[in-house]
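Residues or ranges marked as active site, proton acceptor by TrEMBL: ARG213. Under the heading active site, proton donor, TrEMBL lists ASP499. TrEMBL lists 54-116 with the feature domain 'Malate synthase N-terminal'. If you look up TrEMBL, you'll see 209-459 marked as domain 'Malate synthase TIM barrel'. Among the features that TrEMBL reports, domain 'Malate synthase C-terminal' is placed at 465-587.
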Amino acid sequence: LAPPWPPEKNTHSELSCTLLPLPPALSARELTRRTTPDASMAASTTAACYDTPEGVDVRGRYDPAFASVLTRDALAFVAGLQREFRGAVRYAMEQRREAQRRYDAGELPGFDPATRSVREGGWACAPVPPAVADRTVEITGPAEPRKMVINALNSGAKVFMADFEDALSPTWENLMHGQVNLRDAVAGTITFRDASRGREYKLNDQTAKLFVRPRGWHLPEAHVLIDGEPAIGCLVDFGLYFFHNHTAFRAGQGAGLGPFFYLPKMEHSREARIWNGVFERAERTAGIESGSIRATVLVETLPAVFQMDEILYELRDHSVGLNCGRWDYIFSYVKTFRAHPDRLLPDRALVGMAQHFMRSYSHLLIRTCHRRGVHAMGGMAAQIPIKDSAAANDAALELVRKDKLREVRAGHDGTWAAHPGLIPAIREVFEGHLAGRPNQIVDAVGQEGAGVTAEDLIQPPRGARTVDGLRLNTRVGVQYLAAWLAGSGSVPLYNLMEDAATAEISRVQNWQWLRHGAALDAGGVAVRATPELLARVLEEEMTRVEAEVGPERFRQGRYVEAGRIFSRQCTAPELDDFLTLDAYNLIVVHHPGGASPCKL
C-alpha cells in the first residue's frame, strides 16, 4: 500500500523528505498572475505587510483581519506541511495522469488485485465519536459570505460543511474572509449586521457541528509562495484552519475530538495516505492525541469507487465515513471514459440514481462503510425554494422527499441539502425511518452492495441525447462560470443551487458529444454534434441569458468572457482536467505590497 516515489535530494535544512518538481498545475511560471497597477507599487512597499517565516511569501492583498490568520507561526505550520508532503503529492498527481493515459488507451478501471487482502480483511475504523453520531441531514455552503455561514450553522441541520472547494470561488478575498469567518464561528463570536435590513445575525444556542472541506490536491494557492512555488491549496486551507481552531473546537463542538473535515476529489488510496500523514503531523505539532482529527471522504471520482476499502484503511484512525458526491461522480465518469465512444452520457438531467451504475455505486458505498463501522452519507439535494409558485415548490419538495426516502431505505445514515428550506422535509424522512436511532451503521449492512461487480459500476447509462441538453449545458455552464469569475462559487440557477460540479458536467458532456460526433435529437430530427452546432447554440443561448439577467447586468458581468472560456473548453482537442484550474489564473491578483517588498 505504500509505493515509493522517485527521490530528489532535499536541500531545505529543516527536513529530509524526498522531493519532485512541481507538476504544471502547481508551477509559478505556469500561472498568469495579474498585479495591481504600477502607480500603486511605490505606496504599497511602505504599507503594512504580512510577517512571514523564511521561504514564505504572501502576495495577496494586505488586510489586518487577514493578518490575524496569516500569522508567522501559522504560515510556518503550513510551510512545514508543504515541505514534508509535496513530493508525495507530485507523485500522486503523476499517477493520476498515468492512470488516465491507460484509460484513454482502452483500459477499464477496476479493483486492484494487489489490495484484495484489504478489501476482504476484517479490520474496522475507529469508533465514530458521539459528537457526530447523528448526521441525518447536513447543509453545505461556502465559507464566505459571513451571513451564509451563520444561517447554515443555525439551519437546524446536524452538520454544516463549510466549503473552500466547489462552492467557493477561490479568490484571495473569499479564502481569507472564509478563514476569519470560521475562526469566529468556532469561537462562538461570529456576527453580521445587514444594514440594508437593519438586522443583526448571530449564532443560536444550538448550532450544527462544523466540518470544513479544503480544496483538492490538484489546486494551487498562487497568492502564497513557499520556497518560490505556489502553495498546495488544500494545505493552506487545512493548515490555517487547524492551527487557529483546534483548541477551541475540541473544547466546544468537538467534545474533546476534532476538528472535523470533508476531503474531496480523491482518485486513489495513496492520496488518502497523504491526508493521514498530514493529520498525524498536525496532531503531533498541536500535542493532541492521535486520531483526534476526523474526516469524511467524498467518493466523487470513478477511480475512487474501486478504492473505497483502501481509502478507509489508510484513514482508519481518522475516518468517519464516505459520502456519495454524485454530481462530481458523473463528471468523473465522462472524464475517465473521454476516449470511449461507447460510453456517451445521455442528457445530464437523465443521469440520476436510477441509472444502474449510479445505484451500484451508492449500494457499494453503504456496504463498505457499514462493514468498517462508519457513516455512509447520501448525496446532495440541490433544490432551492420556489417563491413565486407554491405548486412548483411543493412538487420540488416531493422530489426531494422521494430521493431521501430512497437513500435512507438503501441504508444511508444521512444526506446533504443545499438550502435551509429543505431541512425540515429531509429530517422528517430520515428521522421517521431511523425511529430514534442516530444512524444505521449496525442495522443496515448494505446487502444490496454485496454482489456489486466492476461491470456494474461502469455500465453505460441509458437515455436520449438532445440538442436541448446541449443548450442547457451551455446556458448553465456559461452562467456558472461568469459568477465564479466574479467571485461567487455557489450560484442559484433555475431553482437549483449550483456549484462547480454542474459546470464541470456541462462542459465535459458537451466536449464528449462533440469529440465523438454524437447524434442529438432536435425535435425528432437527428443532428450531429459539431463545433459549428455548438457555436450556433452558444450564440443563441448567450442572447437568452442576456434577456434573462437583463442587459445592464449582462454588460457589467463576465458573461462574454465566460462564454469564450466555455466554448474553448468544449472544443479543445484534449479535455482539460478541471475547468476551474484552467480559469484560476483569471482570478489571481498579486499585490506588490505583500511580504517580499516589505522586507526590502
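Each residue, glycine too, has its Cβ placed from N, Cα and C.
Under a cutoff of 8 A between CB atoms, and with a sequence separation of 6+ in the same chain, the neighbours of the residue listed as 'active site, proton acceptor' are THR140, MET161, ALA162, ASP163, PHE164, GLU165, PHE261, TYR262, LEU263, PRO264, LEU298. A sphere of 10 angstroms centred on the C-beta of ASP499 (active site, proton donor) encloses 26 other C-beta atoms. Look at the domain 'Malate synthase N-terminal' (54-116): DSSP puts its residues at 41 helix, 3 strand, 19 coil.
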